[in-house]
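Participant: Dropping the structure in here first, questions after.
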Amino acid sequence: MEFEVKKTSGKARVGVLKLPHGVVRTPVFMPVGTNANVKLLTPRDLEEAGAEIVLSNTFHLMLKPGVEIIRLHGGLHKFMGWKKPILTDSGGFQVFSLPKLKIDDEGVTFKSPIDGSKVFLSPEISMEVQIALGSDICMAFDHCPPPDADYEVVKEATERTYRWALRSKEAFKTENQVLFGIVQGGVYPDLRKKSALQITSIGFDGYAIGGLSIGEERSLTLEMTEITVEYLPEDRPRYFMGGGSPELILELVDRGVDMFDSVFPTRIARHGTALTWKGRLNLKASYNKRSLDPVDEQCGCYTCKNFTRSYIHHLIDRGEVLGQILLSLHNVSFMISFMDEVRRSIEEGTFREFKGKMIDVYSSGGVSV
């Protein structure tokens, strides 16, 4: 892996990340393909939208179809038909979202949400699975506490995250993939600082900010991000896990973050909402019924070049899956174009102006006509 910061504007930065399956320009948004697919979209759709990297989920793939099936195909890239870089998460976030966990320093024991069988996941198993998947970027196994956890619970999770990070690094025996460490610490400044110092002391290829944007106040999200970034090395990529709205991405880029992922754009598309350069657009609303406009006049995606708001409103109104497909394609295309403009504004020294304009647009309540 190679990472080079090419340009800065304040703390915002443009970089180039070279990975085994291709080059990724940062800041970058990564569409989420939980089960080795971005919902409703083909790899060709993603490529035409300009996606340079996607995220897939170790936890779900480990359970179904299982590592052996993916290994049979020659790895995750061939299994899902995607030739560009892939980042896999470690499974920690999903595991700690499940009820009735047994957690100790060895790992986590839980019931499979698929068939109820007992499953054990540890740093070593997570690394083994991710290496077998063959993703470009793997994530260390971490303990992500709930957003309402008290100080002592978060402190214990932070210490365990450090111990598990050491074991993840030790178990990561491959030269063809890279490993990112994850900083935890909840919403407690001293624990965020402590975790950042601990994780960076191990030495990873990149660093992720975990355990945020999971229900806490936005002001706390930004404060904890600032504290964390202060202790991360300048020459390594910084990844905010789970940040996906345009407004949040702008705030995080302004604080020095490089990489983002979220199901947000495709999830809201499936519920009839489009992201546009004028804000959110509700395609369920009746005012679209007679509109011959595209979803976004500034967008060049397949959806906007070929279909009207009226048609997509009709599809959504009738429950036709094509409406969800077309909006998913548009929203992913928008996010890729949005990140293009983020990078351009940093390169031109106009990022703060761009950020202010877009936050005003997205805080105004969205498009109504």
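Glycine is no exception: its Cβ is also placed from the backbone N, Cα and C atoms.
Not my notes, these are from Swiss-Prot:
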BINDING   Asp89, Ser90, Gly91, Gly92, Phe93, Asp142, Gln184, Gly211  substrate binding site
ACT_SITE  Asp89  active site, proton acceptor
REGION    242-248  region 'RNA binding'
ACT_SITE  Asp261  active site, nucleophile
REGION    266-270  region 'RNA binding'
BINDING   Cys299, Cys301, Cys304, His330  Zn(2+) binding site
Participant: Specify the secondary structure state of Cys304 (Zn(2+) binding site) as given by DSSP, simplified to three classes.
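Facilitator: In three-state terms, Cys304 (Zn(2+) binding site) counts as helix.
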Participant: Given the binding-site residues Asp89, Ser90, Gly92, Gln184, Gly211, state which is nearest to Cys304 (Zn(2+) binding site) when distance is taken between Cα atoms.
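Facilitator: The smallest Cα gap between Cys304 (Zn(2+) binding site) and any of the binding-site residues is with Asp89.
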Participant: For the recorded Zn(2+) site, whose residues are Cys299, Cys301, Cys304, His330, find every other residue on that chain with a C-beta no more than 8 angstroms from the centre of their C-beta atoms, and list them by sequence position.
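Facilitator: For the Zn(2+) site, the extra neighbours are Pro294, Val295, Asp296, Gly300, Tyr302, Thr303, Lys305, Leu329, Ser333, Phe334.
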Participant: Just the number: how many Å between the Cα atoms of Cys299 (Zn(2+) binding site) and Gly211 (substrate binding site)?
Facilitator: 33
Participant: If we skip the immediate neighbours and take only residues 6+ beyond the ends of the region 'RNA binding' (242-248), which ones have a Cβ under 8 Å from one of its Cβ atoms?
Facilitator: 29, 93, 212-214, 218, 221, 257, 260-265, 275, 335, 338, 358-359, 362-363
Participant: Can you check what DSSP calls Gly92 (substrate binding site), collapsed to helix, strand or coil?
Facilitator: helix
Participant: Looking only at Asp89, Ser90, Gly91, Gly92, Phe93, Asp142, Gln184, Gly211, which the record lists for substrate, tell me the maximum pairwise CA distance in angstrom.
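Facilitator: Across Asp89, Ser90, Gly91, Gly92, Phe93, Asp142, Gln184, Gly211, the two farthest Cα atoms sit 15 Å apart.
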Participant: Nearest of the recorded positions to Asp142 (substrate binding site) by CA-CA distance, picking from Asp261, Cys301, His330?
Facilitator: Asp261
Participant: At the level of the C-alpha atoms, what whole-angstrom distance separates Cys301 (Zn(2+) binding site) and Asp261 (active site, nucleophile)?
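Facilitator: Distance between the two Cα atoms comes out at 21 Å.
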Participant: Enumerate the residues of the same chain, Asp89, Ser90, Gly91, Gly92, Phe93, Asp142, Gln184, Gly211 excluded, that satisfy the criterion Cβ within 8 A of the mean position of the Cβ atoms of the recorded substrate site; list them in sequence order.
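Facilitator: Going along the sequence, the neighbours appear as Val95, Phe96, Met139, Phe141, His143, Cys144, Ile182, Gly210, Met241.
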Participant: Mind tallying the region 'RNA binding' (242-248) by DSSP state, helix then strand then coil?
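Facilitator: Counting residues per DSSP class in the region 'RNA binding' (242-248), I get 3 helix, 0 strand, 4 coil.
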Participant: For a quick check of packing: other C-beta atoms within 10 Å of the C-beta of Gln184 (substrate binding site), how many?
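Facilitator: I count 30 other Cβ atoms within 10 Å of it.
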Participant: Measuring Cα to Cα, how far is Asp89 (substrate binding site) from the residue listed as 'active site, nucleophile' in Å?
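Facilitator: The separation of the Cα atoms works out to 11 Å.
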